Amino acid sequence: MGDERPHYYGKHGTPQKYDPTFKGPIYNRGCTDVICCVFLLLAIVGYVAVGIIAWTHGDPRKVIYPTDSRGEFCGQKGTKNENKPYLFYFNIVKCASPLVLLEFQCPTPQICVEKCPDRYLTYLNARSSRDFEYYKQFCVPGFKDNKGVAEVLRDGDCPAVLIPSKPLARRCFPAIHAHKGVLMVGNETTYEDGHGSRKNITDLVEGAKKANGVLEARQLAMRIFEDYTVSWYWIIIGLVIAMAMSLLFIILLRFLAGIMVWVMIIMVILVLGYGIFHCYMEYSRLRGEAGSDVSLVDLGFQTDFRVYLHLRQTWLAFMIILSILEVIIILLLIFLRKRILIAIALIKEASRAVGYVMCSLLYPLVTFFLLCLCIAYWASTAVFLSTSNEAVYKIFDDSSCSLTAKTCNPETFPSSNESRLCPNARCQFAFYGGESGYHRALLGLQIFNAFMFFWLANFVLALGQVTLAGAFASYYWALRKPDDLPAFPLFSAFGRALRYHTGSLAFGALILAIVQIIRVILEYLDQRLKAAENKFAKCLMTCLKCCFWCLEKFIKFLNRNAYIMIAIYGTNFCTSARNAFFLLMRNIIRVAVLDKVTDFLFLLGKLLIVGSVGILAFFFFTHRIRIVQDTAPPLNYYWVPILTVIVGSYLIAHGFFSVYGMCVDTLFLCFCEDLERNDGSQERPYFMSPELRDILLKGSAEEGKWAEAEE
């Protein structure tokens, strides 16, 4: 046995030796990975330059406001269309043309109007009636009634027909509805095409659908937006409740770690059990109701998710999923019961560390603020880059003109040679684009924008991990706790990280960002290859995505432990990563016994908070409970605020538990270092608390069994 252990250590590095001068995080340290620090600063300068260029050329109004045939915005303040917020199509049926897919613009004149048409009216009838003044507001700006009817319609000065319409996403679409099984627009089942013939409304419906292929998606988005506008107040209250529960749980964990862990385990089992019971009751209640036995496959996809809750099969699926999750958790608890007792001792030690560094609970707010800055800069730059194209005008002609789809200048087109060759052609706005070098480089700039976002976001997360690791390492290596703790361990660790290790943090974040941007590119390529029938390409793409996903997880794990070693010893990134990896390999049994079991317990804590808040949100937004005199607002989809509260609650709980998670990981590595440096004698005393010595005895016994198995 004694011969095997040195051989094992030889394969995984050299254990740390006893050093009487070592008292925790080293204060006399130097700058590490300076080259990466320089690269990061240069990249940030370049990122700022890209942002300035994007802000100079970009125009977010192109996303917010619709654009007429002249490339002018509808409804924007300070323009002549300020009081005309809606876009009106002269002939919506022409939007069914394939040019819509190729050019992203309907081949029909479009103007900005104050309001959408509310009546059915033809140009021929309006001209000979009192409705002509009303009709003229839907003609091109500056229209003068000095042409014949045929000339007006030929030149596209006015639409041939007005159809009752409703605004959707600031665009006028026919107000189509069904009456006794007959499709109608207003009170009409047919419409006149402007040439004296009448057509069925069904033709108009098909054209309208093709004009807006994502009409249902837009309607869904608008309804979701409406739900947010009426429920945002209650969503914030739900998130505040989640924050209060997380903070209360962390505080109780500080003083009652053992009891809280078992309460957490029991509560998770009870919450899942109630979920199973509720699903069963709903499943039983729907027995015999008309339409409840329709299968999910037969029903297909529905934008109104409430429909699924009227199916027995939905509740059966929920019940099966929750039952499987309940069984898995119970089995894990049975097989890990001894290791859970060991992990509870480590959580108690982490609770004491957090108690002495209470300001560490507020540090996630700093990380959240910095991440918000990164997200805001990335999103604004992406929007400005995507809207920095110039207005491109092209020739549109209903007849067979050879110049159709050629670029043109709307100011000179009436007197140009193209206008004489194609008398019926129109020069109108087609899309936003450009042929300059800047416009050709837009895709590359967007990739650089995404890459810098990943790099800076990972840097912010790394800074938080090093800061927390330095503070908790100061606690562990204080022989007399808390007397030997520095005055401000968190601020000291934050200062050391920025002053000495910006380059190392940038190095680790850079490696992770490269892997993440490759994953984004693979996802983009996968979307482009979905239409292909090449099975080999699909298989290769799936394998690459899986491999890079695993690589990202491994790099995150390695970086996290490397940052702990950086916080303690002040070494560069590569040295810290190597030492952390070998240290974990030399204590691989303890990694499985302690580290991962505590992660599992923290996951149960998150599930408890999320489940409790989620159940409360479900009962409230489905009008099953009231808070004082208030009740939930009427919603299109009550799952919108419920899912928002659940996701937000998980993020909030994860933010609080991440402090404990980092504390446990730091104490675990320090614990392994302490075992190698010291032996518990008076000359070489352990820095760990007496509770952790019990973990030492159990860990050593399990390691001895593992070594015997290896022998």
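Every residue, even glycine, has its Cβ placed from backbone N, Cα and C.
All TrEMBL annotations are machine predictions without curation.
From a predicted model like this one, the values you see are computed outputs, not experimental measurements.
Sequence-distant contacts of the transmembrane segment (32-55), counting only residues of its own chain at least 6 positions beyond either end whose CB sits under 8 Å from a CB of the stretch, comprise 377, 380-381, 384-385, 388, 438, 445, 448-449, 452, 455-456, 459, 500-504, 506-507, 510, 566, 570-573. Summarising the annotation, TrEMBL assigns transmembrane segment to 32-55 (among others).
Residues or ranges marked as transmembrane segment by TrEMBL: 232-253 (among others).
The annotation transmembrane segment is assigned in TrEMBL to 259-277 (among others).
Among the features that TrEMBL reports, transmembrane segment is placed at 315-335 (among others).
Here TrEMBL flags 355-379 (among others) as transmembrane segment. Sequence-distant contacts of the transmembrane segment (355-379) (same chain, six or more residues past either end, CB-CB distance under 8 Å): 51, 247, 250, 254, 449-450, 452-453, 456-457, 460-461, 463-464, 467-468, 471-472, 475, 481-482, 485, 489-490, 655-656, 658-659, 663.
Only residues 6 or more beyond the boundaries of the transmembrane segment (450-478), in the same chain, are considered here, and those with a CB under 8 A from a CB of the stretch are 22-25, 40, 43-44, 47, 350, 352-353, 356-357, 360, 363-364, 366-367, 370-371, 374-375, 377-378, 382, 484-486, 489-490, 492-494, 496-498, 501, 505-506, 508-510, 512-513, 516-517, 520, 559-560, 563-564, 566-568, 659, 662-663, 665-667, 670-671, 674, 687-688. The annotation transmembrane segment is assigned in TrEMBL to 450-478 (among others).
Marked as transmembrane segment by TrEMBL: 498-522 (among others). Counting same-chain residues at least six beyond the ends of the transmembrane segment (498-522), those with a Cβ under 8 angstroms from any Cβ of the stretch are 29-40, 447, 450-451, 454-456, 458-459, 461-463, 466, 541, 544-545, 548-549, 551-552, 555-556, 559, 562-563, 566, 570, 572-574, 576-577.
Annotated transmembrane segment per TrEMBL: 562-581 (among others), in sequence order.
The transmembrane segment annotation in TrEMBL covers 601-623 (among others). For the transmembrane segment (601-623), the residues of the chain that approach it from at least six positions outside its boundaries are 231, 234, 238, 241-242, 245-246, 249, 261, 264-265, 267-268, 271-272, 274-275, 329, 340, 343-344, 347, 631-632, 635, 638, 641-642, 645-646, 649-650, 653-654, 657, 660-661, judged by C-beta separation under 8 angstroms.
TrEMBL lists 635-657 (among others) with the feature transmembrane segment.
Tertiary proximity for the transmembrane segment (259-277) is limited to same-chain residues at least six positions away from its ends with a CB under 8 Å from its CB atoms, namely 249, 252-253, 318-319, 322-323, 325-326, 329-330, 333, 340, 344, 347, 601, 604-605, 607-608, 611-612, 615. Residues 223-224, 226-228, 230-231, 234-235, 238-239, 242-243, 245-247, 249-250, 304-306, 361, 364, 367-368, 602, 605-606, 609-610, 613-614, 617-618, 621-622 of the same chain, all 6+ positions outside the transmembrane segment (635-657), place their C-beta atoms under 8 angstroms from a C-beta of that stretch. Listed by sequence, the residues of this chain that lie at least six past the ends of the transmembrane segment (315-335) yet keep a Cβ under 8 A from its Cβ atoms are 265, 268-269, 272-273, 275-276, 279-280, 282-283, 286, 296, 309, 600, 604.
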